[in-house]
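I have placed the structure first, in the form of structure tokens, so that the comments after it can refer back to it.
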Amino acid sequence: MVAPINLQLEFGGGAELLFDGVKKHHVTLPSQSDPWDIKHLLVWIKDNLLKERSELFIQGDTVRPGILVLVNDADWELMGELDYKLQDQDNIVFISTLHGG
Amino acid sequence: MDSAELESLREEIKKRDQEILCLKEQLRDGPSSCQQSDRSSSLPKLRSINEELPPLSRLSLSNAEIIRYSRQLVLPEFGVRGQLCLSQCSVLVVGCGGLGCPLVQYLAAAGVGRLGLLDYDEVEMSNLHRQVLHSEEKIGVPKAISIASALQPLNTTVEYIPYHTMLSPANAVPLIRQYDIVADCSDNVPTRYLVNDACVVAGKPLVSASALRWEGQLTVYNHEGGPCYRCLFPIPPPPETVTNCADGGVLGVVPGIMGCLQSLEVLKLASGKASSYSGTMLMYDALDGRFRNIKLRGKRVDCAICGSKSEPQILKDYEVFCGSSASDKCRTLNLLTAADRMTVLEYKKLLSDGVSHLLIDVRPQVEVDICRLPHSIHIPLSQLEAGNAADLLGDKTGTAECGGQKKLIVICKLGNDSQKAVKILQGLSENGVGKFIVKDIAGGLMAWAEKIDPAFPKY
């Protein structure tokens, strides 16, 4: 079993509107047998934070196109994307890309 | 005088105002001003996108240029060399709106050689709070012309090339090949993909910014081995997740700040310096007053456009690729059949005939604060989608059976959200919660303002 971990989740670029307009969430992921990765985190977010219209945030087992995921201020692509193993106190940001000008 | 006559008078005044503007411009271009060699006397002329532009060549600075640019010439990082580079550099600006205005203002002031100014749109009143180079007298004028005429008096030594046209798969690459740097100041997804792909094909750096609500983003694509837009976003976002400035809102100074930062990166590239934002994205949250720099992925080997596997090719149709149109105009949904909808004229008649009904306004509170029809009740669509619509109706009307009304009519701003609300309310009726007919008003309150009541505000 792995110990519970604390994360700061942030939503921006309009993605926060799916979470009652709240940008910052301090969350604790419970103890489980396998280490937490982002794939598990997305399922946890869908079950615990997303109230409705989850298809506007998650498609299949990943985020919908147009949302950039950051792990401690780096593009998640540099960190292993869905397989990144979450560490206690990580800051995970989900930001919707903007198109207005 | 009835409301239709008033409206037609307003239209007439608007038309005459535009005629006067055109005559004034002709006067400025007339024989007396033509005798002067000063370029400030003539309004920039629209240019053809196919026109071939001569190369820019400068070997030294004149005394007039030395005094004009002296405060930046004494910066050791910039100097005479930077100024000469800048004066030989051409920049294509795609979009002359909220980002484009501050961007071109600083580029022109700093002495860039040539500015291509592209926009398909005309100036509207609702642009002026953020598109600060346009002005009241330019309403209805092509933005490319309006912005060029605002820049001309600021710096007559810059060459302004206004294009009143839409960037397309046919014209993008040849046009971009004629410029050294491209600034993406556009306002829609298909154009952003097209500009990116054309920059990859033409081998030009793309300085890209965007803004909405209280947030902005900035990065440089396709430069010094860094990623392109498609490396980051290989698949376009679903159209229903994309918000434009009309729906989402934007505080004018936010694109203003982003356009200034974008201008700075263009100036660095144009003067021969490195950009700070290749492979890095700046994210600005104006409400929290926070800038965040994030490290982006590198170029994707398997990128469909800049990847090493194939020769880059422009797509035939970016609107099809993105599933949305290449403008920031509001989308028109068609969820309902004609039988479930009524026009504003039909609704006007229903009111005059005194037909008993309940009018439900489903817009967000912030829009209801702007204007509303006084006899409507307010239930935001978000509440209908989230909660129990039957209870909401009961709460608002004080009775369980929608106040005994048999006819529910739904209205919103443009007639999109009202269709979604009708679908939800029809579901109630089918489930036996109440027996009622539900319809929406096509075109919404904006059609009401346009066709029925000219005194009703448009926004």
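Any Cβ shown, glycine's included, is placed from N, Cα and C.
Where the annotation comes from TrEMBL, it is an automatic prediction and has not been curated.
As written in TrEMBL, here are the features:
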type: BINDING; residues: B:G98, B:D119, B:S126, B:N127, B:L128, B:H129, B:R130, B:K143, B:D187, B:N188; note: ATP binding site
type: BINDING; residues: B:C228, B:C231, B:C303, B:C306; note: Zn(2+) binding site
type: ACT_SITE; residues: B:C245; note: active site, glycyl thioester intermediate
type: DISULFID; residues: B:C322-B:C330; note: disulfide bond
type: DOMAIN; residues: B:353-457; note: domain 'Rhodanese'
type: ACT_SITE; residues: B:C412; note: active site, cysteine persulfide intermediate
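Taken as a whole, the domain 'Rhodanese' (B:353-457) shows an average pLDDT of 87 in this prediction. Taken residue by residue with DSSP, B:C228 (Zn(2+) binding site) is part of neither helix nor strand, so it is coil. Cβ-based neighbour count (10 Å, all protein chains) for B:C306 (Zn(2+) binding site) stands at 22. Here the recorded positions are B:G98, B:L128, B:R130, B:C330, B:C412, and the ones sitting under 8 angstroms from chain A, going by CB atoms, are B:G98.
When other Cβ atoms within 10 Å of the Cβ of B:S126 (ATP binding site) are tallied across all protein chains shown, the result is 12. Within the same chain, residues at least 6 positions away in sequence whose Cβ sits under 8 Å from that of B:R130 (ATP binding site) are B:G97, B:G98, B:C101, B:V250, B:L251, B:G252, B:V253, B:P255, B:G256. Annotation note: B:L128 (ATP binding site) sits in a coil segment as assigned by DSSP. Rounded to the nearest whole angstrom, the C-alpha distance between B:C303 (Zn(2+) binding site) and the residue listed as 'active site, cysteine persulfide intermediate' is 42.
Least crowded of the binding-site residues (B:L128, B:C303), judged by neighbouring Cβ atoms within 10 Å of its own Cβ: B:L128.
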